Amino acid sequence: MRFVGNRVVLIGAGDVGVAYAYALVNQGIADELCIIDIDEKKLEGNVMDLSHGVVWAGKRTKVRKGTYSDCEDAAMVVICAGAAQKPGETRLQLVDKNVNIMHTIVDEVMANGFDGLFLVATNPVDILTYAVWKFSGLDHSRVIGSGTVLDTARFRYMLGELYDVSPKSIHAYIIGEHGDTELPVLSSATIAGVSMRKMLEKDPELEPRLEKIFEDTRDAAYRIIDAKGSTSYGIGMGLARITRAILNNQDVALPVSAYLEGQYGEEDIYIGTPAIIDRSGIHRVVELEISDREMSRFKHSAQTLRAIKDEIFPVGE
């Protein structure tokens, strides 16, 4: 890889892209943010608005309208562009529309000499991250999807509300597809250092309460989309967290969409799992110790993604 500084190129300034840009600028994560969008007038307004807010941020981030030529020396290209999820529409139903959009974007990025990392947020994110990897020709460690970073945040937040403890003291992951087949990993989860597995053994009535929390986690996007049209702030902050881990070389475990090479008995798919993130991208995938029931649910999630992936990228082609 070759790049200078911490320039981030954001492609797509819709609700998610702008929320990410705001989080990035507000937290002072990048040196420079170049934004590309097909709506030039709205983009100009967003760039002005964000630039004025830099005065009160902790770090001076240069925000400007970008072009694909800015990708040449960028550390990261973050893709938030694509058709939006409509009320009642699953993430996987978006796939046909958005794969073609990814192909066009990635071709432009790579044609301009990009040699950094891709971070993909467009849904269905696991499938589209695989598509970006295929279209780019980069090593899979350099193509990352937002995965279950938002689902995990939602799950930890709701557990924190139940137990009246900070979500930062909760270590519990949502893994699998960022979508309807995702699953919680309770067998290795802890709350303030206390094993959730042991809590379940002591209190069998806890299981249905936790299942309800998981269902609320899984279905949160549908409720938010129905209420306000899109999800934006949570995923924007999740993307900013991944970006900070990369640019600051943090070697931190985050639940992202990562390429599997035998972990969990699966390979050649992108799927949500904890992974160690540093300046090089995905340093390694963390294979959690999960129960037989959790493994069965994970396999179902992987098979769901694989079926869609194989339709787009047939095996052997």
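Including glycine, each Cβ sits where the backbone N, Cα and C put it.
Sequence annotations record features per position, and here Swiss-Prot assigns active site, proton acceptor to HIS178. Within 10 Å of the C-beta of HIS178 (active site, proton acceptor) there are 32 other C-beta atoms, taking all protein chains into account.
Residues annotated as NAD(+) binding site in Swiss-Prot: VAL16, ASP37, LYS42, TYR68, GLY82, ALA83, THR104, ALA121, THR122, ASN123, SER146.
The substrate binding site annotation in Swiss-Prot covers GLN85, ARG91, ASN123, PRO124, VAL125, ASP126, ASP151, THR152, ALA153, ARG154, THR231, and the record cites sequence analysis as its basis. Its own atom aside, the Cβ of GLN85 (substrate binding site) has 21 Cβ atoms within 10 angstroms in the protein chains shown.
Among the features that Swiss-Prot reports, beta-D-fructose 1,6-bisphosphate binding site is placed at ARG156, HIS171. According to DSSP, ARG156 (beta-D-fructose 1,6-bisphosphate binding site) is assigned to a helical segment. Its Cβ taken as reference, ARG156 (beta-D-fructose 1,6-bisphosphate binding site) is surrounded by 23 other Cβ atoms within 10 Å in the chains shown.
The secondary structure of TYR222 (phosphotyrosine), as reduced to three states from DSSP, is helical. Non-local contacts of TYR222 (phosphotyrosine) by the CB criterion (under 8 A, 6+ apart in sequence, same chain) comprise PRO87, GLY88. Taken from Swiss-Prot, the feature phosphotyrosine applies to TYR222, supported by sequence analysis.
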- Query: VAL16, VAL125, ALA153: which of these binding-site residues has the sparsest Cβ neighbourhood within 10 Å?
  - Reply: ALA153
- Could you check which of the recorded positions (VAL16, ALA153, HIS178) sits closest to HIS171 (beta-D-fructose 1,6-bisphosphate binding site), going Cα to Cα? ALA153
- Find the longest CA to CA distance in the recorded NAD(+)-binding set VAL16, ASP37, LYS42, TYR68, GLY82, ALA83, THR104, ALA121, THR122, ASN123, SER146; express it in Å as a whole number. 25
- Item | Nearest of the binding-site residues (GLN85, VAL125, ARG156) to THR104 (NAD(+) binding site), judged by Cα-Cα distance | VAL125
